[in-house]
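A quick write-up on the structure given underneath.
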């Protein structure tokens, strides 16, 4: 099997983005098409799984055609078809998985199943040519909050996880509660820039019995309590201050734990992945702490932070090199573990 | 002219390849295993056994709904992916129309009923003496509403008899026996569920009359909005009042 000029057609449909990409040799993104449904879900204040699934099935062939066209390739040039098969919304995943399997079967090309979070981690490789394992990666999104040690391309160890909500989920809930709307992450980020992060002291997102794990339910409840109390006493809330203070309580712990892991495991390269990795406060504090500790920080551009198929094509390349292919029984696994 | 039929609208998973006037292969299962894991392996099995190459196909007919939202999408994604990779047109076959083909050479009204939950059935009313006639196209209604429509149709068609089939039968059989005044029967086990050869056969007719759709444009017909949309519609109506 050839090892160079491997072109992978990758498909991602785990949540509310229908995406397809063509990636060469795990680093070179030839195309990266994303059809976002965010406007459809905004009126519901969050992703509605059934609506997402319906949109995926309507969009998917067009997105794939666009990815081929933009990459200037045809199906003949493709070496393998890759797809996110979990974790994610089961109905949404099933569209991508069903489509990818049928494509691979129709084209007689190998099929590769990719873990969505692995994709997010590997998104870092797209723009950082010199980044290679081992590195520590903080994964923060609406569904995930984890610190992974990437020992090798196909060898991950999760050393920290959240005990309750994901960080992005906490952002969404707080944003909704204070009337900033959906999606919460960018809205809070924006409001926080106008506020004082030290105005209100919220509990930190850590747990007592673990050095690395996270918990966001405490800080989330504290924000909601603060708001309820203010409502009862008729006190006016400064939303910008609240957003900034909440964001600080979350971001400080994310950074602190990531840096601790890197130091404890003596790893010099740190990366960030997932939608929340584009949060500006998180980026600047992580940069500050990493440079203090002599660590090299990497993070993807925003387009590779949110859900996309290019990152799936990158991760798939290493499965391809390992000969790790799936057969036609591949199913969507909504709670797929790393 | 070979046509592939794909059926995964409900608990049945079924694939078939037919040629003019002959079913070359059909593989049907009806048990609890996700269609995502079974549908394409079943297709691969009949392809291997018959030695037919996918490139010999003229079109892909897919059970287009109504049915289980997820089941419909698994069938649609499979058909769309095959259509895209093999550059084949798709034929969107109404699930209930194809079910009605299970009964042939009868002057009775054919009434496929699929359990649609929330006390409704997906149903339609058909005749198939020599050629399938759609008397009432696919709809989502309560069984009582179906009885009303069935009575009207029966009066018009002077059929005097109805044959029920589908996975709604075990759910509503007793109720139908107790409350339906029209003389009726229930199709036997070998004729009471979906099958892909019906999809392919109806697909063949539709193909001949030019009733095709591109793999890109094909989307299931759910007959129902998502729950979130329904609730939002209710809220909006409340607000309007």
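Placed from the backbone N, Cα and C atoms, the Cβ positions cover glycine too.
In sequence order, A:12, A:14, A:15, A:16, A:17, A:19, A:34, A:116, A:275 make up the list of same-chain residues 6 or more apart from residue A:307 (Fe cation binding site) whose Cβ falls under 8 Å from its Cβ. The Fe cation binding site annotation in TrEMBL covers A:116, A:120, A:307.
In the shown protein chains, 20 other C-beta atoms lie within 10 A of the C-beta of residue A:143 (substrate binding site). The substrate binding site annotation in TrEMBL covers A:139, A:140, A:141, A:142, A:143, A:172, A:185, A:189, A:279.
Per-residue pLDDT, averaged across the domain 'Gcp-like' (A:28-313), gives 94. Sequence annotations record features per position, and here TrEMBL assigns domain 'Gcp-like' to A:28-313.
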Max pairwise CA distance, angstrom, over record-listed substrate binders A:139, A:140, A:141, A:142, A:143, A:172, A:185, A:189, A:279: 18
Entries of A:139, A:185, A:279 which, being binding-site residues, have CA atoms within 10 angstroms of residue A:120 (Fe cation binding site): A:139
Residues close to Fe cation site centre defined by A:116, A:120, A:307, Cβ within 8 Å: A:12, A:14, A:15, A:84, A:88, A:117, A:119, A:123, A:141, A:273, A:274, A:308, A:311, A:312
Among A:141, A:279, which are binding-site residues, the residue with the most C-beta atoms within 10 angstroms of its C-beta: A:279
Cβ-Cβ distance under 8 Å to residue A:185 (substrate binding site), same chain, at least six residues away: A:142, A:168, A:171, A:172, A:175, A:275, A:276, A:278, A:279
